[in-house]
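If you check TrEMBL, you get these features:
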type     : residues  : note
COMPBIAS : 22-31     : compositional bias 'Polar residues'
COMPBIAS : 44-66     : compositional bias 'Basic and acidic residues'
DOMAIN   : 103-447   : domain 'Band 3 cytoplasmic'
DOMAIN   : 504-1056  : domain 'Bicarbonate transporter-like transmembrane'
REGION   : 22-76     : region 'Disordered'
TRANSMEM : 533-555   : transmembrane segment
TRANSMEM : 567-598   : transmembrane segment
TRANSMEM : 618-643   : transmembrane segment
TRANSMEM : 650-671   : transmembrane segment
TRANSMEM : 737-759   : transmembrane segment
TRANSMEM : 771-791   : transmembrane segment
TRANSMEM : 828-847   : transmembrane segment
TRANSMEM : 868-891   : transmembrane segment
TRANSMEM : 954-973   : transmembrane segment
TRANSMEM : 1000-1017 : transmembrane segment
TRANSMEM : 1024-1044 : transmembrane segment
Amino acid sequence: MCLWTWPLVQCIFRHSKSRKYSLQDSSTKSNAHPKNRRVSTQPEDLRLKGADRDQLDSHRSDDPKALRRHRTSRPSIVHIGRKDGMDNFQAALMKKMYDHSPHAIFVQLDELFGGNEDREWKETARWIKYEEDVEEGVDRWGKPHVASLSFHSLLNLRKCLEEGLVNLDMEEKELPGIAYRVCEDLYKEDLIREEDKAPLMRILLLRHRHVNEHHDRGFRFSRKQSYTSLQSQWLEENGISNRPSRCSVCLTQGPLCPQHLLPRHSISSYIQNLSDAEKRKASYQIDVPFGSKKIGRNVESEGHLLPNNHTSIDMKEEMYTISSEDMKKAQNDPILKRIPSDAQSTSVLVGDVDFLEQPAIAFIRLAEAVYIPSLIEVNIPVRFIFILLGPKGANLDYHEVGRSISTLMANHEFHNIAYEAYNRKALLSAINEFLDDSIVLPPGDWERQALLPIEEIKAKSERIRKRKEDALKKAVGEVAKPMLVSDDGGKKPPFPNPLERTRRPFGGLINDLKRRYPFYLSDLKSGLNPQCAAAALFMYFAALSGAITFGGLMSDKTQNLIGVSETLVATSVAGLIFALLGGQPLVIVGTTGPLLLFDESLYQFCKSSGIDYLTIRFYIGIWLGVIALLVASVEGSVFVKWFSRFTEEIFSALISLLYIVESVMNLVLVFTRHPLRGTYYNLNNLMQELNETVYNSTTDNLFARNVSELTAIIKNSSVPPSVPLYDSIGPLNQPNTALLCTILSLGTFAIAYYLLLFRNSQFLGRNARRALGDFGVPIAIVIMASLNYFVPNTHTQRLTVPKGFTPSNPEVRGWLVDPKGTLQPIELWVAFAAGVPALLVYILLFMETHITELIIDKPERKLKKGSGFHLDIVLICLLNVGCGFIGAPWVCVATVRSVAHVQAVTVMSRTHAPGEKPHIIEVKEQRVSAFVVSLLIGVSVLMSPLLRLVPMSVLFGVFLYMGVASTNGIQFFDRIRLFFMPPKHHPAASYVRKVKTIKMHLFTFIQLLCLALLWTVKSTKASLAFPFFLLLLVPLRSNLKYIFSPRELRALDGDQPDVDGDEPDFYVEAPLPG
């Protein structure tokens, strides 16, 4: 190598950094005058020959590939020859001082609008999880939706990150400093020219206009400040505004000197010390020579043209800075409730400008999250900034690229990588992963229904991802297991799964006591909050409605041996004891439909067999306690795992249909006893009844006069044939009774059911809808009972409630049942034979209690204190021993009321993104609300005057509502509908996609046969044994494996995912009605 070529080689190595874009200087521009062109001369050039030096000077300002146009500093020479991204371990050592832990991200997309003096950044979209766009013309947010991106824009974004500026952990805390660093780094990366730095910085410091902000429009007046005006004020007050225009650094380095462009002081801290009166406007022109006037760019006060490389920045566009009023307003912003408290923000700035020749791209991650006034619409710190500015003619859609990076930053996986990335390569890899998980829709004219398979594709990708995660966890667990065993000495968890046998007598019961009772003090403290008080009030009306309904029906079925009084007392006492001692105090104890139907069958059996009904219930209660202790000793509660959806759906369908049929049969009975006739009364009977009505009536004289007039009219009319008015049961052939009872029943059902539908409608707010839907039954009872009260002349059967604290039929029975016989003596063998019906009652108690607790104890509810499967069934049976002693109805865990109670004490998220379903934060696991509910129900015994106003037809309307509402969550009924649909109209459910249609119908047909068998048993004299036939469904289900494959059984009999966007009500979540 010749000696004269060595300086040239050194110069090449000094400038060996590749350009990102090809920026050829245009000879047509007015400012490209040869005299303004700077040619630098290096000391090494003096040793070259004249011809070589001339050739070097003539090409020094060219733009060859892989060369730089400015001198490279020495620190950058050290890194020549390294790869684009250094080793992650070395980078982590260098940047370990910064916090790279991921946070929730709020993304805001701002676009550049306007021209000249009116130019500003305008917010056009935002992302919390889903995209929300600003609707043009109305200046409001549109509906949250999943962002749909074009594949081309994602490729353009990847190219921008490949060739643009990526600055990770920028140590700046103010927007002017960030803008200055971005301009300098873009220039160093050859992404902009030197003369582009000043206008680019002015663009970056423009004010930002957010949604619903109206500055200087209409009657709204708001203060406007800019960074530049406040900086000028600070300089003037400190006597340094008339400083020399240029320094040695400015003359050698260029026009943008950080000391002269933006002083290194905290503008934001100075803003906080300014009063509103002191926040006045001031203009600040940078790099204007001392003594000159501010006229314009490149023009001195005398009108001489400044050199082209002398750039002055006149930042008279105004920005908004934060004040105490702004802070207070931001804290009250409703959108802050949807953003987690530790969230950080990403600002995406895109737009077109006329001074750039090619796009300028910058991806900035600040070293620390900082509050930047007025940049983000909400008061949260900024951590990421993405800038994309370029000419209008570029082959690049700035808006779509901005949406693409915004969607990526809103994606959980991508922004986690963005937080932890140490180089450009990590970001590009994250984009590749995002593209791998994306779905591309082909262009064409297709309907919305064609998008349904997307759910299946998403579910499939989720299963693949979950399978990989499970495999990774399993591999890690196998590696870590020996170390964990060596650390803890191989200790087992203190409390195993409650549904696993311990192989010790009463082992499950003892574990329940050890698991649950240490939280007793916490259960009391957790109940002392407003939400539990509101839940207690809500559950009081729900439980009171159920107690009145079942108590009234029990009175009707047992001829008032057991009525409303006994039901209220049993519900109250059992609820109080269970709230104090139960293993799962969130459940609500009360009378349920299956137990009511069993009691009806038992009463019919005792009546036909001549056995005292209350006395046999006394011995059934004793046997229940014995059976419960025997089953608990062998940990029989673990067998609840054998009750699958197959059995639950048949049981639920049976109870729901019985509810509906009972309600309809009640109306049929009313029409039978009070048929619609043209004429009703014999004259003498009518006169006697009217006279008794006049003298015994407690109404005013007007009603008496009306009755007298009616009597006179009937005297002058023709006498109809005689019809009976009474029988041994009660009144007969009453006018308008059948019509009014029909109105009361169907009206109660309609009000309660449509309020249930209103719960998930789009009217009113979420809390108002939930309140109306949850209180639907009490509202319906009050409305229909009031209607019946204002129609006094029509007979309707009402609740029979005694005065005070007395049994329903005090002439026949007392509060304690005589074990020798209440109505007639009982034989000794009956006491031993009562063990058989006691076993059947235990089956019902076992199923209802454990199925309800399985629903409540689901992992998604995030319960922390555990449940009490073994303890609760024993406690329920012991409570029924007491119910047998006082002749009260059996009590059990009420499925619907328990699920409603759990929902009432569940704390839902308030920081979920718009468009996202609220998720469970926690459940207030406590004993206070259930205790208060039971106490209030006991006090309701004193409300007998009001309870006597409730018609029985209203209660049968509630019964009808319970039956119809319970069918909503039963998949069995959904598959019955598919019998009458062609396969092309079948829903995209797992039991449709994964099972052949013929086998799906076969599974449904088997369930129909089982339901028909139970219905037949329930309708015959053997109805008392229907729980035994219900238990036989368990072995039948286990033998279905010989007909269906395991995959088909999982689809037909497994848990189904929740695909409904609405919040399910408690009838949908509870598989058992009542």
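Using N, Cα and C of the backbone, Cβ positions are placed for all residues, glycine too.
Just so you know, TrEMBL annotations are computer predictions that nobody has curated.
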- Message: Should anything in the same chain at least six residues away from the transmembrane segment (737-759) have a Cβ under 8 Å from its Cβ atoms, list it; otherwise answer none.
- Response: 663, 666-667, 670-671, 674-676, 769-770, 772-777, 779-781, 783-784, 787-788, 791, 794-796, 951, 953-954, 956-958, 960-961, 964-965, 1063, 1065, 1067
- Count, for each of 533-555, 567-598, 1000-1017, 1024-1044, the Cβ pairs lying under 8 Å from the transmembrane segment (618-643), and report the range with the highest count. 1024-1044
- Message: How about the transmembrane segment (771-791) with the transmembrane segment (567-598) - do they touch, taking at least 3 C-beta pairs under 8 Å (6 or more apart in sequence) as contact?
- Response: no
- Tertiary contacts of the transmembrane segment (868-891), defined by C-beta under 8 angstroms and 6+ residue spacing from its ends, are 498-499, 508-509, 511-513, 515-516, 550-551, 554, 561-562, 566-567, 569-571, 573-574, 577-578, 581-584, 587, 589-591, 595-596, 598-599, 614, 617-622, 624-625, 627-629, 631-632, 635, 637, 640, 807, 813, 815-817, 822, 841-842, 845-846, 849-850, 853
- If one takes Cβ-Cβ under 8 Å and requires six or more residues beyond its ends, the residues near the transmembrane segment (650-671) are 553, 593-594, 597, 737-738, 741-742, 745, 749, 847, 952-953, 956-957, 959-960, 962-964, 966-967, 970, 972-973, 1007, 1010-1011, 1014-1015, 1018, 1030, 1033, 1071-1074
- Which listed stretch (533-555, 828-847, 1000-1017, 1024-1044) has the most C-beta pairs under 8 A with the transmembrane segment (954-973)? 533-555
- Residues of the same chain, at least six outside the transmembrane segment (828-847), with any C-beta under 8 angstroms of its C-beta? 594-595, 598, 602, 611, 615-616, 619-624, 627-628, 631, 637, 640, 643, 651, 819, 873, 876-877, 880, 890, 892, 1024-1025, 1027-1028, 1030-1031, 1072
- Task: Report, as numbers and ranges, which residues of the same chain sit near the transmembrane segment (1000-1017): CB under 8 Å and 6 or more residues beyond its ends.
- Result: 646, 649-650, 653-654, 657, 972, 975-976, 978-979, 991-992, 1023, 1025-1026, 1029-1030, 1033, 1036, 1040, 1043-1044, 1048, 1052
